[in-house]
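Found this in TrEMBL, in case it helps:
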| type | residues | note |
| --- | --- | --- |
| ACT_SITE | H276 | active site, proton acceptor |
| BINDING | Y25, R165, H276, R279 | glyoxylate binding site |
| BINDING | 78-80, S107, Q128, Y130, T156, K252, S274, 307-311, 330-331 | FMN binding site |
| DOMAIN | 1-381 | domain 'FMN hydroxy acid dehydrogenase' |
Amino acid sequence: MPVITCIEDLKRLHRRRAPRMFYDYAESGSWTEKTFRENTSDFEDIYLRQRVAVDMSGRSTKTQMIGEDVAMPVALAPVGLTGMQHADGEIKAARAAEKFGVPFTLSTMSINSIEEVAEATTKPFWFQLYTMTDEDFVSRLIQRAKDAKCSALVITLDLQILGQRHKDLKNGLSAPPKLTPSTIANLMTKWRWGIGMLGAKRRNFGNIVGHVKGVTDTADLGAWTAQSFDPSLDWDKIAKIKEQWGGKVILKGILDADDARMALKVGADAIIVSNHGGRQLDGAQSSIRALPSILEAVGDQVEVHLDSGIRSGQDVLKAVAMGASGTYIGRAFVYGLGAMGEAGVTKALEVIHKELDVSMALCGKRTLSEVDRDILMIPENFEGRWQS
Ligand code: GLV
């Protein structure tokens, strides 16, 4: 087993072991990828204040997200096609998250279905919902998540239409992969992945195939999205979905203070400051740069979480110090999964946990409740002063 010391190590292994089209799917931003890049580079612009001679015994990274106990404020983000990165990927990631004590969020566009993940786990997970024009299908999906005892509905708001990721078009992304001379040549070098896939429970979109009338080919994500996602989603519809769900709701994809106020109005239990990992509006601000204005607008009235750009425990610490009460990792756990299956997801969580714990201690703090903006050195004008 290779020595893994950081998320970058897992990423290198993921790249080597998973078919190119799926690694590229995870590792893409939309268009020029400016927002994708800045999600991580903006974290690097923030410094941590080192403190010394502070008793650092008895530390803990435990906290809560939407009232649920978590071993650290890091949930697994919903990621489409996770079960193509590694056989039964959603089941494996959900199990790793459960054992570690952090929330797992299942994507609507997952390979393993809600029912399969529920059967393989013992604690409730969260379900991420995309809204489709087929309202019956959406209602049934919500009911399936209820039946599976999911403890939160994460409604994604920033993907009614799909941002263009060049590599997906060039690679002919599909699930399962369409066999062309170039995919066959690539798959022949991924024997470990192929053997795993032969024994997988599922190789297509488990929440969709067999559940949507009139749709036979969901393999092409771009075409399916254009055909099925609801371009008319608005705040009234979100309020109706919330009512239909009747449980905790997390609204994902908020990058603007006005939208954060709207989310508050519809009664969200938490919002996720997110630009979808830089995969949607290229040219939008990074999540960490957008966070302060959103906290200022609604931070005392609703839980504010953050995703997009978290690759280390130091990033988690910076987001929490700025005021986020939870964060999400998408790519960071997918690298682990693509590298080594469930053990790789566990490794990703261990890496991030250790980085968070040690960095918190070196900033002179023993618990996350002691952590605040004081441990950060943020460049002047980090949030930007923009012409109105
Ligand atoms: C779906 O969520 C995607 O970003 O591809």
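Glycine too: its Cβ is placed from the backbone N, Cα and C atoms.
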Nearest to T156 (FMN binding site) in three-dimensional space, by Cα, is which of the recorded positions Y25, R165, H276, R279?
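Comparing Cα positions, the closest of these recorded positions turns out to be H276.
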Which secondary structure state does DSSP assign to Y25 (glyoxylate binding site), in the simple three-class scheme?
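DSSP assigns Y25 (glyoxylate binding site) to helix.
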Could you state the whole-number distance in Å separating the C-alpha atoms of P78 (FMN binding site) and the residue listed as 'active site, proton acceptor'?
10
Check the binding-site residues Q128, T156, S274, S308 for other C-beta atoms within 10 angstroms of each C-beta and report the one with the most.
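Of the binding-site residues Q128, T156, S274, S308, the highest Cβ count within 10 Å belongs to S308.
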For R165 (glyoxylate binding site), just count the other CB atoms lying within 10 A of its CB, please.
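The Cβ of R165 (glyoxylate binding site) has 25 Cβ neighbours within 10 Å.
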With I310 (FMN binding site) as the reference Cα, tell me which of the recorded positions Y25, R165, H276, R279 is the closest one.
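Among Y25, R165, H276, R279, H276.
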Filter the candidate list Y25, G80, T156, R165, R279 of binding-site residues, keeping only entries whose CB is under 6 Å from an atom of ligand 1.
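Correct list: G80, R279.
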To test your reading of the glyoxylate site: which residues beyond Y25, R165, H276, R279, same chain only, put their Cβ within 8 Å of the Cβ centroid of those residues?
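Near the glyoxylate site, beyond Y25, R165, H276, R279, sit S28, G29, S30, G163, D168, G277, G278, Q280.
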Specify the count of other C-beta atoms within 10 Å of the C-beta of P78 (FMN binding site).
25
Relative to the Cβ of Y25 (glyoxylate binding site), which residues of the same chain, six or more apart in sequence, are found under 8 Å away?
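Same-chain residues close to Y25 (glyoxylate binding site) (Cβ under 8 Å, separated by 6 or more) are G80, L81, M84, R165, K167, D168, N171, L173.
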